[in-house]
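Written below as structure tokens is the structure these notes are about.
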Amino acid sequence: MVMQEEKKRQQPVTRRVRSFSESFKNLFRPPRSRDSSPINVTRIPYRSSSTSPKRSSEPPRRSTVSAQILDPKNSPIRQRSYTLKCCTPGLSHPFRQTGSGASNSPTRHRSISGEEQEIVNSLPEYKRSASHTFHGIRRPRSRSSSVSSCDSSNGTTSSSDSQWAMDSLLDDSDNDLTPYRGSNKDILKSKDRAPYNYIDDYNKKALRRATSYPNPLPSKQFYNERLYTRRSHPDEESLESLPRFAGADVQCIIEQNGFKVYEDGSHEHNIKLSGVIAKLEKGNSLPAHRQGSLSRPRLGITLSGLFKHHKNECDIENALSLLPNVEKSQTNHEKRTGQSPNDSNRSSPTQGREDYLKIVNPDASLGSDELKLINSLSSRIHKSLQNYLQEKNLKPAECIGEQAPTFQDNYGHPVGLVGAGAYGEVKLCARLRNEKDSPPFETYHDSKYIYYAVKELKPKPDSDLEKFCTKITSEFIIGHSLSHYHKNGKKPAPNILNVFDILEDSSSFIEVMEFCPAGDLYGMLVGKSKLKGRLHPLEADCFMKQLLHGVKFMHDHGIAHCDLKPENILFYPHGLLKICDFGTSSVFQTAWERRVHAQKGIIGSEPYVAPEEFVDGEYYDPRLIDCWSCGVVYITMILGHYLWKVASREKDMSYDEFYKEMQRKNQFRVFEELKHVNSELATNRKIALYRIFQWEPRKRISVGKLLDMQWMKSTNCCLIYDST
């Protein structure tokens, strides 16, 4: 008996591989840091497929996979066999191809043909080994799978086409996929199709992986629209040169009003399209319109009262751009290449002058080029307004002596109403796509049309001419410089609304912007409140992280928004957030300044205004009021209503209660009662909220430091940003 027990102790203990459910004790734990962390990416919003087989709790330790490889030149199908070797959990899995050198392999062997030997001889030395071992890097599993041709008798999967190696393995420790990153780089130069999805079948005691490809690669426009993932690789291989990987299904564990959370912690947004664009996409053609008019679209819906024609309405048929031709051509070139065409040869416009100012802040959005554009636009707007006030029906200055493209040539015609502002309405315009249009598209589009948001700016009879001119110029310059920022090779932020052009007509000015088809955050919250619902905390966290990154981009380039509120936050259906309306933005630092300019006075909408703005004569940092506004926006998303109407103890009892509780208990009841999916996220969020809602500006956290807090670091966002 003693001898038997001694033998049992000496025998190695066989550890069972952890099952999928055991690997995720905490579904929403913070992601592990990895050397190959993705930058500037958008997670692929794959949908869960109900057709994929379910896996049992224990995967097999060894499996054989057979793949049919079809030579495009010769019709016979050759059969290859592969061996999957299971490794220690946490390490990358080797994937061995059996051949003449793999004598110990349990799978059957096949001699290499003469044609294949020529291919092997043409490869570099490091690729000629008879038994190839492929190692990979981790990559998240996708949420869709397609069924390949499977042989259930021997646990193999067959697929067709040539030179495709096995692309991934399943890591037993955490069910991450380890994709192959080897010779695919050379293969993909001559291939334009992606492999089949890979299917697991743990119930059959075999791990089946096969490759084939009728699925085309996603077009470049999806990558540029940030619908697909961009990841950094050691060999500088972009995702556009790699096949889209589709692995095992991931189960959806939370679904609330179109928002889905999956068991790997990722999520998917499904925001409804606005009513105007939903109507247009159902029809086969654009609605009829009066030629050149911005005011009488026919949508087939009850909007006739909004589009009654008036004598003073804006006809934009002859509206022309106010941007100088040189500036516009350089802007178009910068959109494509990221640099100015004459950067190497062009000298500074002020070179040689004794009073030339040295640029000390090259990252500032407002530099010498923007200053020249401001002067040019101001003079043209002043001249046009003088002609308008004197009732001189003159053509725009740009149309004299040159054949410039009109508004209708570049942006089409109006098809609907989006909203209204202080100085005019915002309309939706659409233009047919043509051969010159190629990805990336910087605004919403479908298979036939490209859509633009057009804001009509017209002075009121009693408005101050100088103030109106300043507002138009500053709003366009700030939005244009932020959305087309290409200095020092840097790309614009994905969370800033693109501003394309400003045009003038005989009686008004027209600003052309990017169109976001899912509407604004205010409309989203109103719609949910009618259904007695609210945003899920994980969805609100994702929106908050995007908002903070957009605001940080503005602050890094010397601009504070100063009017952050749900009405100025727009969305795409897949959850991409855009910050808009820079009419009240403040330039606190230019390219020639080192210090930050403080400001005073109330700016913005009262529920989102920081308390220091209500102090008469007090100067404050505009960056800190943006941080306060972001906090109010987040609480509004979570609660579905304001915390208070005004952040002033004298004017609002709710704010006074918040102030007293913080003074007496050093905590606020509303923040303490907020729930999240787990206690860790709830605690981290609560700590961040207390840092945001500090009524003393010197104690308030900045946007950059807020992004470095554990709450935001552990938040899964639709976009993964560059840490630099």
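Backbone N, Cα and C define each Cβ position, glycine as well.
Per Swiss-Prot, region 'Disordered' is recorded for 1-81 (among others).
What Swiss-Prot records for S19 (among others) is phosphoserine, and it gives a large-scale study or a structure entry as the kind of evidence.
Residues or ranges marked as compositional bias 'Low complexity' in Swiss-Prot: 45-54 (among others).
Taken from Swiss-Prot, the feature region 'Disordered' applies to 93-188 (among others).
Residues annotated as compositional bias 'Polar residues' in Swiss-Prot: 95-106 (among others).
Annotation comment: Swiss-Prot describes 143-162 (among others) as compositional bias 'Low complexity'.
Taken from Swiss-Prot, the feature phosphoserine covers S232 (among others), and the record attributes it to a large-scale study or a structure entry.
Here Swiss-Prot flags S238 (among others) as phosphoserine.
As annotated by Swiss-Prot, phosphoserine applies to S241 (among others), with the evidence given as a large-scale study or a structure entry.
If you look up Swiss-Prot, you'll see 329-355 (among others) marked as region 'Disordered'.
Taken from Swiss-Prot, the feature compositional bias 'Polar residues' applies to 338-351 (among others).
Taken from Swiss-Prot, the feature domain 'Protein kinase' applies to 412-712, supported by sequence analysis. For the domain 'Protein kinase' (412-712), the model's average pLDDT works out to 91.
According to its DSSP assignment, A420 (ATP binding site) is in a strand. Just so you know, the Cβ of A420 (ATP binding site) picks up 12 other Cβ atoms within 10 Å once every protein chain is counted. Under the heading ATP binding site, Swiss-Prot lists V418, G419, A420, G421, A422, Y423, G424, E425, V426, K455, citing sequence analysis as support.
Per Swiss-Prot, the feature active site, proton acceptor maps to D563. Cβ neighbour count for D563 (active site, proton acceptor) (all protein chains, 10 Å cutoff from its Cβ): 21.
Of the listed binding-site residues, namely V418, V426, the sparsest CB environment within 10 A is found at V426. In the three-state DSSP assignment, the secondary structure recorded for V426 (ATP binding site) is strand. The Cβ of G424 (ATP binding site) has 20 other Cβ atoms within 10 Å, all protein chains considered. It is 20 Å from the Cα atom of V418 (ATP binding site) to that of D563 (active site, proton acceptor).
Mapped onto three states, the DSSP output places D563 (active site, proton acceptor) in coil.
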